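Student: I'd like to ask some things about the structure below.
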Amino acid sequence: MEKTLETVPLERKKREKEQFRKLFIGGLSFETTEESLRNYYEQWGKLTDCVVMRDPASKRSRGFGFVTFSSMAEVDAAMAARPHSIDGRVVEPKRAVAREESGKPGAHVTVKKLFVGGIKEDTEEHHLRDYFEEYGKIDTIEIITDRQSGKKRGFGFVTFDDHDPVDKIVLQKHHTINGHNAEVRKALSRQEMQEVQSSRSGRGGNFGFGDSRGGGGNFGPGPGSNFRGGSDGYGSGRGFGDGYNGYGGGPGGGNFGGSPGYGGGRGGYGGGGPGYGNQGGGYGGGYDNYGGGNYGSGNYNDFGNYNQQPSNYGPMKSGNFGGSRNMGGPYGGGNYGPGGSGGSGGYGGRSRY
């Protein structure tokens, strides 16, 4: 018995990798320091790391940072206690996005709706509810069926009352529902995908990380790759993401990297996940404004056959993005630098953080 009590915490620590214990904190006052950030978040548990990201040249706060707890339960407790206010300012905590995910369009968008793929014919709404309600309060569940045959099309949507359950579910990746492997990802509406595309196209350079010509491709020094934002220096509140220790940033934008796979100009569910073909030109055929992402054709592992016909929504062009997601450096930041016109959050340049 004594051995069991000793080994369980060790096993739990092994299971809970850093990516499950880290929070991105956006909207920080420029007066907030590591000390005040740490003091605030320690009320929910022990922090193993805490950092306020700063401009490498001026050392001025860039208005966001990261805190890492010792357990995922502490992260859950902190997120359950929102809103958070530090130094007189309401901040925006969000589960940090891991490096391998931060390059995907839409990875940093905050949504309450979850896409669930791999739904078998014997899976009913109550199976989804029983599984997902442990993550948060569910508003609606939809399992999409074929209008003519009435058969399940293999996917559905779960809408929560908050974005955090979606972030947590997507972060954990592997899910088994009613004995079947399921694929989960954020469900982006047509409008949200258009916003992602707009941010990825660079808007004249803003949000664009250049063309991967310099710094070994670390975000590139392309003209205008300055991520210059509004008064808070966040790129008008979109896409904070530095990538501390390889973690992408906060809400909005989805502006990292140039990986294809997200639906074309008409929206879609993107994701770069191969194997989901489409029926009628995409998931739902524009169902509820969630047009068909570019899931390819054929089978997705054991998620069932979705190869009726390939999507007619092509992959989104990567615009002026180099596609490199090399986030080198001790803070996973790659070459941040002050950027073209700098602002208070300029990417690009050659200075290492």
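Glycine is treated like the rest: Cβ placed from N, Cα and C.
For reference, Swiss-Prot lists these features for the protein:
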DOMAIN    112-191  domain 'RRM 2'
MOD_RES   S29  phosphoserine
MOD_RES   S85  phosphoserine
MOD_RES   K168  N6-acetyllysine
MOD_RES   K173  N6-acetyllysine
MOD_RES   S189  phosphoserine
MOD_RES   S201  phosphoserine
MOD_RES   R213  asymmetric dimethylarginine
MOD_RES   S225  phosphoserine
MOD_RES   S231  phosphoserine
MOD_RES   S324  phosphoserine
MOD_RES   R325  omega-N-methylarginine
MOD_RES   R350  omega-N-methylarginine
REGION    308-347  region 'Nuclear targeting sequence'
MOTIF     9-15  motif 'Nuclear localization signal'
Student: Please give me the CB contact count at 10 A for K173 (N6-acetyllysine), counting all chains in the structure.
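Tutor: Step by step: centre on the Cβ of K173 (N6-acetyllysine), count other Cβ atoms within 10 Å, giving 11.
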Student: If you count the C-beta atoms lying within 10 Å of each candidate's C-beta, which of the modified residues S29, S85, S189 ends up with the smallest number?
Tutor: S85
Student: If you skip the near sequence neighbours and keep only those at least six away, which residues in the chain come within under 8 angstroms of K168 (N6-acetyllysine), Cβ to Cβ?
Tutor: D76, R95, Y135
Student: Can you see whether DSSP assigns K168 (N6-acetyllysine) to helix, strand or coil?
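Tutor: Assignment for K168 (N6-acetyllysine) reads helix.
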Student: Give me the CA-CA distance between S85 (phosphoserine) and K173 (N6-acetyllysine), in Å, as a whole number.
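Tutor: Roughly 30 Å, rounded to the nearest whole number.
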Student: What is the three-state DSSP composition of the domain 'RRM 2' (112-191), stated as helix, strand and coil residue counts?
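Tutor: Output for the domain 'RRM 2' (112-191) reads 19 helix, 32 strand, 29 coil.
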Student: Roughly how many angstrom lie between the C-alpha atoms of S29 (phosphoserine) and S189 (phosphoserine)?
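Tutor: Each residue's Cα considered, S29 (phosphoserine) and S189 (phosphoserine) end up 32 Å apart.
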Student: Calculate the distance in Å between the alpha carbons (Cα) of K173 (N6-acetyllysine) and S189 (phosphoserine), and round it to a whole number.
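Tutor: Approximately 21 Å lies between the Cα of K173 (N6-acetyllysine) and that of S189 (phosphoserine).
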